[in-house]
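Student: Take this structure, written in structure tokens, and hold onto it; I'll ask about it next.
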Amino acid sequence: MEGETAAKAAASSSSSPSRYESQKRRDWNTFLQYLRNHKPPLNLSRCSGAHVLEFLKYLDQFGKTKVHATACPFFGQPNPPSQCTCPLKQAWGSLDALIGRLRAAFEEIGGGLPESNPFAAKAVRIYLKEVRQTQAKARGIPYDKKKRKRPHTDTATPIAGDGDDAEGSGGAALVVTAATTV
């Protein structure tokens, strides 16, 4: 009975892909169309991180996020009082999610070694980081990566004993000392 249920679930999931899988397929097809329309047309095997960056910049023309230029009087204001002529661009979160889906799609089609995945290129990661920082500054909400606080560490040092764990027998014990950081 359980096997039938699992088989039905697998069949239904294979007949109608999840929202994520559908979006991933649409994104992949859009990227392949971009490569075909590129001058000169590009083959996926020759695609590099630089081509991915061109694609991301191409997508900016379809963006809906106002990104104030540094010369704009509203630069750094989270809620500007009126309209300006600054460009609309793709939001960083959208680009980040897109790259994640395209990276997964590339791996699924067997695009080669993970090192050859153009969506995982260092230049793409750097570009996304710059977009995130630029958009945060333009909105007046600077993105500061939270630094991990060093936890108060206790160090444990064993004290030699006879190895017997019975109470009061002089067995091995741990002495905990608080480490101080200066």
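Numbering starts at 1 and runs along the chain as it is shown here.
Just so you know, glycine gets a Cβ as well, placed from its N, Cα and C.
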Student: Need the matching range: Swiss-Prot marks motif 'Nuclear localization signal' on one of 145-149, 150-154, and I'd like to know which.
Tutor: 145-149
Student: Give, as a single whole number between 0 and 100, the mean pLDDT over the domain 'ALOG' (19-147).
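Tutor: Looking only at the domain 'ALOG' (19-147), pLDDT averages out to 90.
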